[in-house]
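What TrEMBL annotates here:
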DOMAIN    B:111-303  domain 'ABC transmembrane type-1'
REGION    B:1-26  region 'Disordered'
TRANSMEM  B:42-63  transmembrane segment
TRANSMEM  B:110-139  transmembrane segment
TRANSMEM  B:146-168  transmembrane segment
TRANSMEM  B:180-202  transmembrane segment
TRANSMEM  B:223-248  transmembrane segment
TRANSMEM  B:282-303  transmembrane segment
Amino acid sequence: MTPTSSARRRRTMLKAGAGASVAALLLAACADTDSGDGGGGGGQAAERGSYEIDCSKYDEFGDLDGTTVHVYTTIVEPEGTAHQASYEPFTECTGVQIEYEASREQEAQLPVRVRAGNPPDIAIVNQPGLLETLVRQDDAVLPAPAQVEAEVDENFSAEWKEYGTVDGTFYAAPYDANVKSFVWYSPSAFSDAGYEVPETWDELISLSEQIASAGDVKPWCVGVESGAATGWPGTDWIEDVVLRTAGPDVYDQWYQHEIPFNDPQIVEAWDTAGEILKNEDFVNAGLGGVDSIATTAWDGAGYGILDNTCWMHRAANFYQAQWPEGTEVAEDGDVWAFYLPAETTDERPTLVAGPFIAAFTDRPEVQAFQTYLASADWANAKAVATPEGGWVSANQGLDPENLATDFDRLVYETLTDEATVARYDASDLMPSQVGSGTFFTGIVNWLTGQSTQQVLDQIENTWPTS
Amino acid sequence: MSRDVTEPAVVPAGVTSTPAPTARRGLGGRAAKARRRLSNPWASGIAICLAVLWSIPTLGLLVTSFRPELDIRRSGWWTVFGDAAAGEGVFTFRNYETALFGSSTSLADYFINSVVITLPSVLIPISVALLAAYAFAWIDFPGRDWLFIVVFALQIIPIQVTMIPLLTTYVNVGINGSFWPVWLSHSIFALPLAIFLLHNFMKDIPPSLVEAARVDGAGHVKIFFRVVMPLLVPAIAAFGIFQFLWVWNDLLVSLVFAGGTPNVAPLTVRVAEMAGSRGGDWHILSAGAFISMIVPLIVFLSLQRYFVRGLLAGSVKG
């Protein structure tokens, strides 16, 4: 989409929204609600466009007008604004005010509040592991009400429901979805050089060799530095390769520790990943040698694609938001992404992740809001409220037309494709000592010289025994 | 103002040194020696080196905050000097614009919250600690030394340990979600050090002064306000600055006890959020950091002489 057409579209939206906000003002005057909130909300809706939902769904929860639901998330501004806007159709239907609190420290603060007896009504929990802790150790999360479960059964695949289930009880509906199995590249550079998008792992390796031998530019750029969480982009790499070389079943056994972390099949997967990540001929394009991977920030690592100093960068769909302003993300634009190929074209193992909606109280307005968030209505409202794109849900009721960008539609297709075998990010499912501890540091050690066996033995030794 | 403060502070020093003229000569000799030693060019050189090394990261952050987002990601901040010399426009105010006006809640609200949190969190511990320190220094009651040791020892308790029990208490009492938990928590955490510092300073006041006042018929209240308080101004100012900087820059206590809702969250909570959901927006963060730094810088620079003098007066003592 060209910049002018998007500007034009926004202007027509503004017109449509202006009408809506006049109506909203009239309503507000009649209903005598808090004028400050109403005004602000109207302004936002005008820019984003709004989505009509069926209000009758929430009648069974009784009269909720004037109540408040407190939501605690990690999604801060600027992304948070779109989330707040997506709650407005619910507020218009029921009169429930949503108090949105976002903090980057939420993962640490949430257990503190829960243990102090001061939990939020609803928390958007980023990791199934944290959900499990809150359920098992603190006994704080309430099982999802029947209405929520019905929505999830209707809208989500069984795999996604399973991630929100702990010990056989369904607790939390999925919120957003991310797909991690993408390789970013420059379509124009590929076509100029006559390279084809690879469809199998072997093609990927031979393409890498072809690029490496063709010129002085190495094929891959990689960066795993991310402050205190340094290493996580590397864990995604490994997980993706485990899914491809060992298969989804072994993957499940691996994160559940039914096979040890240093099982030969896992060693093989690391070594396969090492064919790219530890190969001086393939990495680290424009950034240095293999050990520069550990010190390169993940969010800027792919910029070499724009400067023609790098050909390929494996990163999740949310890397879309990291491209500098003005970068055209399109199939024939500056950057685009292809699916990280599997061994054959028939297999489509895909690494996914996403937060979940956990409830700590069971007041009717909280349950009504939970139901709304699990519904197709919310997914569509959220898509419409996010004109800048970069947001996708695994909700099958989401109409792809409502998504803002072509790339989001590609991600959504990948998520809902029949052939796709989705697996949740293993590092988020493992115990945190490993999943966000030694697995991260192991990646760094591995990239800075330790052997695969050595690193995997170390990680296995830190797996909690109980 | 400054004369009122310095004169009484000099009195105790004069009183102790007058009886022995030799001591004064000795003192003068030592001072001269110290001056010689401190003005050693090597020592000055090392001090300047340390100061420069210490300031480089801050300078880097300052330069970064004026650079466009893409440049920040592509090259180090030190490259701007070469680029600027080559005549390229490399600086921008956009980061500051985004940090100030880019969010749906104005930064001014958080500024006000920070002030509302900071002032009582400084005043409450100072008032309580002054009274406590006076009692420990000048009122003889049974168990005084033991109690003082206990208060002193409370300093070693890490505040992280107290968070969940304290928060539980606030929730049970029903004051959670207001400013009270933050005020009270900051006061609680500050009191042991405040009492210790002010007590040491009070002990420095010659007993003869207090005794003279007592002979003239002054009670504890009068002695406290008329004799002790004027002498304590440097110490109070020093501790006030110390506590002000601590509270203004605090993120942990306000995150736990105030939470992130815009009606109670201070500036630090907002600045921490500026890094973005995935931590990639630190061009905005760098600008936000400098905006939040302005107030403590002004406070510190305008009051720093009290800070050094008061801290030394309270702590360095036989």
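Each Cβ is built from the backbone N, Cα and C atoms, and glycine gets one as well.
Nobody curates TrEMBL annotations by hand; they come from automatic prediction.
Just so it is clear, the model here is predicted, and its values are computed rather than measured.
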Problem set entry | Surrounding residues of the transmembrane segment (B:110-139) on its own chain - C-beta under 8 Å, 6+ positions past either end | 147-148, 151, 179, 182-184, 186-187, 190-191, 194-195, 197-199, 201-203, 210, 220, 223-224, 228-229, 232, 236, 239-240, 243-244, 247-248, 254, 258, 262-270, 295
For this session: Quickly jot the same-chain residues contacting the transmembrane segment (B:282-303) by Cβ under 8 Å, restricted to those at least six beyond its ends, or write none.
Result: 61-62, 64-65, 67-69, 72, 95-96, 98-100, 102, 107, 114, 237, 240-241, 244-245, 248-249, 267-268, 270-271, 274-276
Seminar exercise, completed: If one takes Cβ-Cβ under 8 Å and requires six or more residues beyond its ends, the residues near the transmembrane segment (B:42-63) are 77-78, 80, 286, 289-290
